[in-house]
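The following features are taken from Swiss-Prot:
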type	residues	note
ACT_SITE	H275	active site, proton acceptor
BINDING	Y24, Y129, R164, R278	substrate binding site
BINDING	S106, Q127, T155, K251, 306-330	FMN binding site
DOMAIN	1-380	domain 'FMN hydroxy acid dehydrogenase'
Amino acid sequence: MIISSGNDYRAAAQRRLPPFLFHYIDGGAYAEYTLKRNVQDLSEIALRQRVLNDMSALSLETKLFNETLSMPVALAPVGLTGMYARRGEVQAAMAADKKGIPFTLSTVSVCPIEEVAPAINRPMWFQLYVLRDRGFMRNALERAKAAGCSTLVFTVDMPVPGARYRDAHSGMSGPNAAMRRYMQSVFHPHWSWNVGLMGRPHDLGNISKYLGKPTGLEDYIGWLGSNFDPSISWKDLEWIREFWDGPMVIKGILDPEDAKDAVRFGADGIVVSNHGGRQLDGVMSSARALPAIADAVKGDLAILADSGIRNGLDVVRMLALGADTVLLGRAFVYALAAAGGQGVSNLLDLIDKEMRVAMTLTGAKSISDINTDCLVQAIKQGL
């Protein structure tokens, strides 16, 4: 199969992965309306072409939280990344490090903090949920700090897990799930050998380190289901500040009032996000939510955005709508599943090239030049 775009990596991942894993990363909540709108709303934003501007000195470099990024992209936290390639978190982190951008390790990663951090040169970011087990949260924060993690990404849009119906159909959950996953793996020998056998242990490294025992996929579903905390409030973030003195980014903001609260709390950044359409179906796409949030808090904290970003043009669109940096989730996991760490490196290089084309033809010589002037007026007003 010839890979020439991010969509090609998705197709290659679908061929290589057992269905339960492909649909886990590919699917969303309920009828997946928001999942679809995330991609569609971005693709419908028209860029404003400008020419004859001498774009020979174009630069993608930017700064965020005192870090220099080669382009305004970071890899998002994605649970179970280590099930998509052998020691997948390590491979993805190394690809991000090579490109000069941050990698964010999920709370529910296969590879623990202590395995990923030493594999890269730049400090990684760490993502944390609010869970009932505050002992685990404190333990994770202390370990992240000890490993040199520079930025905490605190996910707040998951007080309860979303209803992901695709998971029940695919075998990730539902009746006879373990047997269905086993049978699917038999018909995907490359994955079964490379990841299923050689990628062991398949436990949740960060949780296993705390519990002192292996935690497999069934434990993952059960432990998370019993530990999400619907009582989450701003007081929980104050508690976290007692154990984390570095930059804190609040992930899961879709409303300007919540963004203003994040400023009052003293957050260093927010992620405008609907969890990739995996939590509450029917909410606005991140692209539609972003402009009002940027109007409310731009300049008061860093604005990151995710959900629906599949290529370099989408990155430019999000920046034009008000984001300082974007997080890339599904897209890098597709590339990882299809071609390992090299696939992630190739995808990041492709996004780099796509951004350069878009910036050249919109007249933006630097990241700071990307704003609403890069968008067609009618579309800009329509958002």
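Glycine residues also receive a Cβ, built from the backbone N, Cα and C atoms like all the rest.
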For H275 (active site, proton acceptor) and D314 (FMN binding site), what Cα-Cα distance in Å is obtained after rounding to a whole number?
17
Which residues of the same chain, at least 6 positions away in sequence, have a Cβ lying under 8 Å from the Cβ of Y129 (substrate binding site)?
T107, T155, M158, F228
Note down the number of other Cβ atoms within 10 Å of the Cβ of V326 (FMN binding site), including every protein chain shown.
28
Here are some binding-site residues: R164, R278. Which one has the most Cβ atoms within 10 Å of its Cβ?
R278
Where R278 (substrate binding site) and G322 (FMN binding site) are concerned, what is their Cα separation in Å, rounded?
23
State the Cα to Cα distance, in Å, between V326 (FMN binding site) and Y24 (substrate binding site), rounded to an integer.
22
How long is the line from the C-alpha of R330 (FMN binding site) to the C-alpha of Y24 (substrate binding site), rounded to the nearest angstrom?
10
Restricting to the record's substrate-binding residues (Y24, Y129, R164, R278), give me the longest CA-CA distance in Å as a whole number.
19
Spatial separation of R164 (substrate binding site) from G322 (FMN binding site) - C-alpha basis, Å:
30
List the Cα distance (Å, whole number) between R310 (FMN binding site) and Y24 (substrate binding site).
17
So, three-state DSSP: helix, strand or coil for M318 (FMN binding site)?
helix
Packing count at D306 (FMN binding site) (other Cβ atoms within 10 Å of its Cβ):
26
Quick check for the class: what is the C-alpha distance, in angstrom and rounded, between Y24 (substrate binding site) and S106 (FMN binding site)?
15
